[in-house]
Structure formats: C-alpha cells, structure tokens
C-alpha cells in the first residue's frame, strides 16, 4: 500500500521538550487492533463496565471513560466513590495501547499495571484487590468465565489481563488523515492540509507524532514560558507531573505528551482541563511550548487538521467539539 511519505524516516528525532522535528513524515496511520483471545476480550469488556471494582459498587471503568464519546470523561475531573473529585483529567482509553507508558505522569508501564491505579485510588474506586476478588467470586457465572480462560480463576493478575486485552481492541482506525496519508487526495479538506503543513512547520510534530500523534514521549508543560506561574498558589500535586513518580527536579511539570487522535472529541484539554475548546488549546500550546502567537487562520487550519485525525470504532459516536 502506498504511503504519502516513505516509512524510512518514521523514527522521529526531536530535541528535548519539543524542539525541531528532524523527520517530515513522523505521523503514521493507526494500525488495526491486535487479534486477541476473543473470550478474554469479552470478559474484559464485561469487567470494564462492572461497578463491583469499586468499594461501594457505584463506579466502573466506563463511568470515567465513556466509549460512546471520547473514551474519557466529559467533565473536567471525574467523580469517584462518595462523590470524591479527581485532581487530573481522565485520559482516553482509545488508542491507549499506543502509549509508551500510561497516565499523565507515566506511573504505569503498561495497560495491565495501569489497572491498579483507579482500583486503589481513594478518589476513584477506593477499593483493593482482596475486596474486589471477594465480590467477584460470589458471581457463579463470572467465576465460570474466568475458569474457562485462566487456570487459577479470579485473581488480580487475571482481572488486569482481561481488562488490558479489551483495551487493546479500542483502536480508532480509518481516520480521514490516515486515508490521505495512504494516497486518498480527497480524504481531507484543503484547510486541513494547510493545518497539517502549519502544524509540521511550527514544530508541533516534534512532540505529537507516531501513530497516536503523541503518547510516545514526555515533555515539560511550558517549555518556553512558565505555564504554572499563571496559576500562582493554585498549583496542585497533580501539576507536578512526572516529579511525583521520580522525585527528580528536572521532571517537575513534565507530562506524557497526549495523543491527538481523540482531541476533537474532548470537552476539556490538558491535564488540568484548563482549556475548554480545541482552538484555545492550540493557542495555549503555541504560546507556552513554541513561543508563538498564532493568528485565527492558523489556529482554525490546525484545528481542521486535528479533527481529521479522529478515526472510527463501533462503540464511538463521533460528536466533535
């Protein structure tokens, strides 16, 4: 199959914290979801919607990751057990297997270990594996499903494995931009093409590249201007980013670069949900990451390009913002 740009330079080299991109073809089409064990995927789907993973049986994965919308929350911060309010915007589960690590701070190395976070977090599910397994073991039908797939039945490892298998199927494919990359000249508008050229020429592609157009590196929020200075005393623990994981000063305010494949579906942007429109998010990124003030035309063009990145999935009802 023809790709508009050759794949020989798809390993993009970028300078630290989003400098100048050295490869012009750093964005790739989203691959098809891997073929997994169908029964394990089905079990993972069931667990994804099972509120028994939370301490009071009110919160499931789907509570904060709406597959019909954007695979994340439509609220700025998710609400957990007992009405507890989260401190950071929920990331989308769509295309999450393309991320090099999970969570904004990269504290989980893969989808399996990621499951531990919300189950134990007091402002999310506020539970523990002993409690969860005890409840699930009381369900004969569910226990039968586990025993058919795993030799040791319901364990935390097997719950994580099933959920991760399901999440790996949540791939948004066949986006207009991907069809354009493969040679369909009419797949995206002229405005989106102009937006892609601007996005590339400005250097946005230094951090937002790969199949997920992000998710494969860390970057400091506010590399050319102090974004957090504007927040004053309102800086929260979540704002410290990767520093919370490593304790290293140079990781303060550093986050995993989010993928842009669901950006057009978001109601809020950035880890702190501080931007409410895609256009506002573009202007903020240009200012704080690139030191640029963009005109309205450039912002609109880039937004048109980003909207062309949204792919398809049977669970997704595309409602762009």
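Glycine residues also receive a Cβ, built from the backbone N, Cα and C atoms like all the rest.
Whatever TrEMBL says is automated annotation, not expert-curated.
Listed in TrEMBL for this protein:
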BINDING   61, 64, 65  heme c 1 binding site
BINDING   204, 207, 208, 285  heme c 2 binding site
DOMAIN    39-170  domain 'Cytochrome c'
DOMAIN    190-310  domain 'Cytochrome c'
SIGNAL    1-23  signal peptide
Worksheet item: Got a sec? Which of these binding-site residues, 65, 208, has the most Cβ atoms within 10 Å?
Response: 208
Worksheet, complete the sentence: The rounded CA-CA distance in Å from residue 207 (heme c 2 binding site) to residue 65 (heme c 1 binding site) is 25
Discussion item. I'd like the number of other C-beta atoms within 10 A of the C-beta of residue 64 (heme c 1 binding site), please.
Written reply: 23
Worksheet, complete the sentence: For residue 61 (heme c 1 binding site), the spatially nearest of the binding-site residues 204, 208, 285, using Cα atoms, is 208
Worksheet item: If we check Cα distances from residue 65 (heme c 1 binding site), which of the binding-site residues 204, 208, 285 wins as closest?
Response: 208
Worksheet item: With every protein chain in view, how many other Cβ atoms are within 10 Å of the Cβ of residue 285 (heme c 2 binding site)?
Response: 23
Fill in: Whole-number Å value for how far residue 64 (heme c 1 binding site) lies from residue 285 (heme c 2 binding site) (Cα to Cα)
25
Discussion item. Restricting to the record's heme c 2-binding residues (204, 207, 208, 285), give me the longest CA-CA distance in Å as a whole number.
Written reply: 12
Worksheet entry | C-beta crowding around residue 204 (heme c 2 binding site), within 10 angstroms | 26
Worksheet item: Cα distance, residue 208 (heme c 2 binding site) to residue 64 (heme c 1 binding site), nearest Å?
Response: 25
Fill in: DSSP three-state assignment (helix, strand or coil) for residue 65 (heme c 1 binding site)
coil
Worksheet, complete the sentence: Simplified to three states, DSSP reports residue 204 (heme c 2 binding site) as helix
Worksheet item: Residue counts in helix (H, G, I), strand (E, B) and coil for the domain 'Cytochrome c' (39-170), per DSSP?
Response: 62 helix, 6 strand, 64 coil
Discussion item. Suppose we draw a 10 Å sphere around the Cβ of residue 61 (heme c 1 binding site). How many other Cβ atoms does it contain, all chains included?
Written reply: 24
